[in-house]
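Peer 1: Feature list, courtesy of TrEMBL:
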- 6-22: transmembrane segment (TRANSMEM)
- 43-62: transmembrane segment (TRANSMEM)
- 74-96: transmembrane segment (TRANSMEM)
- 129-150: transmembrane segment (TRANSMEM)
- 170-189: transmembrane segment (TRANSMEM)
- 201-219: transmembrane segment (TRANSMEM)
- 285-306: transmembrane segment (TRANSMEM)
- 318-336: transmembrane segment (TRANSMEM)
- 348-369: transmembrane segment (TRANSMEM)
- 390-411: transmembrane segment (TRANSMEM)
Amino acid sequence: MELFYYMVFGALGTVVAALEFSKSNKDRVNTSAAFNSFKNNYLLVYSLMMAGDWLQGPYVYYLYTTYGFGKGEIGQLFIAGFGSSMLFGTIVGSLADKQGRKRACVTYCITYILSCITKHSPQYKVLMVGRILGGIATSLLFSAFESWLVAEHFKRGFDQQWLSLTFSKAIFLGNGLVAILSGLFGNLLVDTLSLGPVSPFDAAAIFLAIGMAVILSSWTENYGDSSESKDLLTQFKGAAVTIASDEKIALLGAIQSLFEGSMYTFVFLWTPALSPNDEEIPHGFIFATFMLASMLGSSIASRLLARNSTRVESYMQIIFVISSASLLLPILTNFLVTPSKVKGGGITFAGCLQVLGFCTFEACVGIFWPSIMKMRSQYIPEEARSTIMNFFRIPLNIFVCIVLYNVRYWIS
């Protein structure tokens, strides 16, 4: 492995450690023992849920190829997952508001465990069912847990500013440290222990089952609008009216969909961007480096969110500009650096520049997540929180499906 990768990983790790250990009193918020217990319980559950998700990600495509499926069939499976999230996401979101967020979180665990079980079958139809279940689970992961947290936080009378602590720490752990450890653990199962590409899915199911046990034993139920007189269609209409009538909520949804759309596009395209001539790049190590950059972003976000004088809306404008600039690097390097025509070999100078730019983008992602969570807690009404959050994911999933359908034209 080239020295460049170690240098970037080491530099990011050093900065993250320095930021975490150098926090002063003004970067910290004094909280109560009751809140710390509540926060740690949620972080444990959230980390287990994210471990169940991250363990699967790197091996889904690989597993399908070992079953003998081609790019076309694999693309259809992925589109089915995002399409399922789009079609069923709003329904499960409304059910979470009406039937209870704790029940929705348990449903996430059950649905994702069933999706993991389907990975043992090489049958296309069974795998398609698994992708549909996975799409439903994804909608619940990105709505039900946050909705439960926000409602429970205020129900217990905790200070609003303390919510930001939970958000930033959840992203630091769940989207950073847990992602890195999950990648290493998955590599251990598949490559070192030679347990096969389905073993990470079995491990994910175990983590999800443990998390479900913690939820069932320690969480209380909370609801949005549980009125018996409101059916699902009425809830959908109410959420749509709320979005249409409040400009801030509508803009918040647009911001979320556009940024997450660019993030998913980046996930699909960073590999061909760094190896246009089939250069040999360490995918797992680069992924871990990106996750470390995301941890750096969440660490910065925790400092920003701890200060009442700093408005999220102000610094997020800067984050969007930096994100756009970092994703322009592949285009700029094609113009400024003479592209190599040699097949194979190590990463090029242009590739090194792009890695640095992509790490910058991942740092922005680390800032984005806790910050958008903070804004959602401020602007989205409690009675329809899960429903509205899943409405936001509809344009995102449409965009991702279009990207997936056309990605072969972009990387050919």
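In case you wondered, yes, glycine gets a Cβ from its N, Cα and C as well.
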Peer 1: Hey, which bits of the same chain come close to the transmembrane segment (348-369), Cβ under 8 Å, at least six residues off its ends?
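Peer 2: Sequence-remote neighbours of the transmembrane segment (348-369) are 4, 8, 12, 167, 171-172, 175-176, 259, 263, 266, 270, 273-275, 279, 281, 286, 289-291, 293-301, 304, 315-316, 319, 322-323, 326-327, 329-330, 333-334, 337, 339-340.
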Peer 1: Using a Cβ distance cut-off of under 8 Å, indicate which of 43-62, 129-150, 170-189, 285-306 has the most pairs with the transmembrane segment (6-22).
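Peer 2: Per the Cβ under 8 Å count, 285-306.
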Peer 1: Which one, 43-62, 129-150, 318-336, has the most C-beta pairs under 8 Å toward the transmembrane segment (170-189)?
Peer 2: 43-62
